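Here the structure is laid out as structure tokens; the discussion comes afterwards.
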Amino acid sequence: MFLKRKCKTIVLPYLICSIPAIVICVVTGKFSPAYGDVGVMKGTVLNIITGAHSVVYWYIPFVMLIFLSSPLAISFTKLSHNRQSVLLFSLFIVSAFLHRSHYNANPIHSYIYFMPLFLFGVYCSIHRDKLKELRPYAVLFLIAALALAWTQINIFNHIGLYHKNFFEFGGVDLAYIQKLFLLIFIVLAIPAIEKKSIPFLDYFAIASFPLFFLHPYIMRLFDMTHFSLVFGYNAWPSMLSAFLYTTLVTSCSVIVLECFRKIFGEGCLYIIGDRKKSKLVSKRKDEVDFIIRKA
């Protein structure tokens, strides 16, 4: 039942939303460089399997592997606290040296890279009370994340994420560690507002998944029209450019989402993965609750 629901509400919208991007790949003959020189049929199949036809769709094949491996997560919940901690620390080290795959076009590579973060989410749900002891130190994790980001850019001259082939050595993925510290900060800080109703956050919590499917097409449209908001490449102009571009893409995506809701109503669940508020709680909790119930 769990996987069947995921196929209906994740895989089906993924396939439907992929159609325009795959058609563009077929018409232009431009497939991901990760595939090498491939024909239309092979390129199309690889697109569906890897999600490389869109800048963010790689997430769907990867996350379905996560769901398929739920029994492993259930086994994780049965370990002692010490063994869970040692296992997580070990897996984090592996991921820090693994890096992301080129063009995020290898779901198995992504699975190994991100699996520790999924298990960390399970860990946080199980040991929620223990984490309360760390809340006074939340800001230290934020400072560590910002310091790592500064170090990556200014000391190692590396901007963005780290990508490499599976068996290559590329040093330590500082972005992974930095995002891990940022994640810990959020986990520790979020209880301060979790019981408050903030309309802005409530809306995007519900709309996050359909916006995930829609926003790549808004970005592609901007690229096709050579739209640019670049004011310079120094720190502050770059941050201003990123903020304005993100705001514009998000706003346009919200407008498109509301149009879909007006036209398709409840059908949006199976077209773009949109869920009504009454279903949001089950959506947010079922991944972890499913695991904990089985433990």
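Every residue number used here counts from 1 along the chain in the order it is shown.
Just so it is clear, glycine is given a Cβ too, placed from its N, Cα and C backbone atoms.
According to TrEMBL, the feature domain 'Acyltransferase 3' maps to 2-256.
For the transmembrane segment (12-35), the residues of the chain that approach it from at least six positions outside its boundaries are 42-44, 46-48, 50-54, 57, 60, 101-103, 105-106, 210, 213-214, 216-217, 220, 269-273, judged by C-beta separation under 8 angstroms. For 12-35 (among others), the entry in TrEMBL reads transmembrane segment.
The feature transmembrane segment is assigned by TrEMBL to 55-74 (among others).
Beyond the transmembrane segment (86-102), the same-chain residues lying 6 or more positions past its ends with a Cβ under 8 Å from any Cβ of the stretch are 33-34, 76, 79, 109-110, 112-116, 119-120, 123, 161-166, 169-173, 176-177, 180. Annotation source TrEMBL lists transmembrane segment at 86-102 (among others).
Annotated transmembrane segment per TrEMBL: 108-126 (among others), in sequence order.
The transmembrane segment annotation in TrEMBL covers 138-156 (among others).
Positions annotated as transmembrane segment by TrEMBL: 176-193 (among others). Sequence-distant contacts of the transmembrane segment (176-193), counting only residues of its own chain at least 6 positions beyond either end whose CB sits under 8 Å from a CB of the stretch, comprise 92, 95-96, 99, 113, 117, 120, 124, 131-132, 134-135, 137-139, 141-142, 144-145, 148-149, 152, 162, 201.
Feature annotation from TrEMBL assigns transmembrane segment to 200-218 (among others). Here the transmembrane segment (200-218) has Cβ contacts under 8 Å with residues 13-14, 17, 20-21, 54-57, 59, 193, 249-250, 252-254, 256-257, 260, 268, 272-277, 280, 283-284 of the same chain, all six or more residues outside its ends.
Sequence-distant neighbours of the transmembrane segment (238-257) (same chain, 6+ residues past either end, Cβ-Cβ under 8 Å): 207, 210-211, 214-215, 217-219, 222, 229-232, 272, 274. Per TrEMBL, transmembrane segment is recorded for 238-257 (among others).
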With the cut-off at Cβ under 8 Å and a gap of six or more residues from its ends, the chain residues touching the transmembrane segment (55-74) are 2-3, 6, 10-11, 14, 17-18, 21, 49, 103-105, 107-108, 110-111, 114-115, 118-119, 122, 212, 215-216, 219, 287, 290-291, 294-295
